[in-house]
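Written out below as structure tokens is the structure these notes cover.
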Amino acid sequence: MPIDDTLARWSDVSFETAFVVYLLAAILFIAQLATTRTAVTRETEPATRELVTAASSSTPGLVVAAPRRAASERLERMGLGLVIIALILHVGSIVLRGVATGRPPWGNMYEFVSVTCAAGVLVGLVVLRSKHLRTLWLFVLVPTLILLFVAGTVLYANAAPVVPALQSYWLPVHVSIISLGSGVFLISGAASVLFLIRIRLSDSGPADSRMRRFAARLPTARALDRLAYQTTIFAFPLFGMGVILGAIWAEAAWGRFWGWDPKETVSFITWIVYAAYLHARATSGWRDTRAAWINIVGFVAMLFNLFIINMVVSGLHSYAGLN
């Protein structure tokens with residue numbers, strides 16, 4: 001099927017526009033976090049330091065914080081609205097790329113990273129609905145923006161048919177499941193990183209220090225740990241299913257289920273690391289910080305598998321589309 005260059009260009013425009021809107025949303029969440037921190041700081045100051053009190057209230061010291069809370073909530077709603085707009089544009093770019101090429105739009109690293117990031121943001125809209133978790137949006141958007149920037153610059157590939165080895169009905173099944181699982185692991189990894197930061201900063205410096213005030217704006221350590229655990233429980237079987245389906249595809253394509261190709265090996269190691277995290281999370285003495293570190297190791301292994309294995313190591317899975 002010939003490539004529709006017009007739709008391919010519109011796909012690129014939609015991708016770039018989505019990136020800009022994601023960036024604007026991140027800026028709004030930064031402002032929201034700073035405003036909320038200021039409001040909380042003012043609320044906790046002794047009443048003797050406030051010169052103005054609310055005429056209709058017997059509780060001094062809240063007259064300045066209330067407008068700041070309102071501003072913080074407005075910024076939060078605006079940021080969330082931009083995330084939704086950006087996701088629509090992002091998904092639109094993926095759909096347009098698929099229509100332009102007449103195939104599933106995840107045939108190279110650029111497309112795979114784009115789909116994975118879209119899956120991560122979509123999952124974020126589901127799991128970050130609670131108000132006490134919305135401050136995490138900034139920390140979801142930052143790695144998303146980094147990955148999208150790398151995808152749009154270093155990994156970008158023109159719209160084209162996939163290589164013959166990928167022209168199989170297994171492509172949309174295997175890669176889509178791996179992409180979804182990887183996107184959920186993005187949320188899980190961010191939650192574990194923030195969990196460790198929350199614990200570390202909560203005990204550092206005086207009570208009114210800048211670091212402790214920042215830590216106070218994050219969800220509780222328990223909420224972050226629970227989020228990391230629940231998202232990993234969802235992504236773990238998905239990723240495992242993707243590996244199994246990949247082995248079935250390998251048997252159809254290469255005549256064997258498993259050959260310890262670098263991609264296969266690191267994928268299996270990554271899955272084992274996440275299994276170790278789930279086991280540690282349920283084991284007394286290993287839950288909390290030790291389990292969180294194992295979860296982070298799993299996320300790093302997944303990134304290593306995505307970039308180093310595809311771009312540096314030669315193997316049967318060298319379909320980066322960079323050359």
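Glycine residues also receive a Cβ, built from the backbone N, Cα and C atoms like all the rest.
Curation plays no part in TrEMBL annotations; they are all automatic predictions.
Annotation comment: TrEMBL describes 20-40 (among others) as transmembrane segment. If one looks beyond the transmembrane segment (20-40) by at least 6 residues along the same chain, the residues whose Cβ comes under 8 Å of a Cβ in the stretch are 65, 68-69, 71-72, 75-76, 78-80, 82-83, 85-86, 89-90, 121, 135, 137-138, 141-142, 144-145, 148, 213-214, 216-217.
The transmembrane segment feature in TrEMBL is assigned to 78-100 (among others).
Marked as domain 'Cytochrome c assembly protein' by TrEMBL: 106-317.
What TrEMBL records for 112-128 (among others) is transmembrane segment.
Counting residues 6+ beyond its ends, the transmembrane segment (135-157) has Cβ neighbours under 8 Å at 15-16, 18-19, 22-23, 25-26, 29-30, 32-33, 36, 79-80, 83, 108-111, 113-114, 116-117, 120-121, 124, 128, 186-187, 189-191, 193-194, 217-219, 227, 320-322 in the same chain. Annotation source TrEMBL lists transmembrane segment at 135-157 (among others).
Residues or ranges marked as transmembrane segment by TrEMBL: 169-197 (among others).
Residues annotated as transmembrane segment in TrEMBL: 227-250 (among others).
Summarising the annotation, TrEMBL assigns transmembrane segment to 262-280 (among others).
Annotated transmembrane segment per TrEMBL: 292-313 (among others), in sequence order. Tertiary neighbourhood of the transmembrane segment (292-313): same-chain residues 109, 112-113, 182, 185-186, 188-189, 192-193, 195-196, 225, 228, 232, 262-263, 266-267, 269-270, 273-274, 276-277, 280, 319-320, 322, selected by CB-CB distance under 8 Å and a gap of 6+ residues from either end.
Same-chain neighbours of the transmembrane segment (227-250): 123, 127, 133, 136, 168, 170, 173-175, 177-178, 180-182, 184-185, 187-189, 191-192, 195, 219, 256-259, 264, 267-268, 270-271, 274-275, 277-278, 281, 292, 295, 316, counting only residues six or more beyond its ends whose CB sits under 8 Å from a CB of the stretch.
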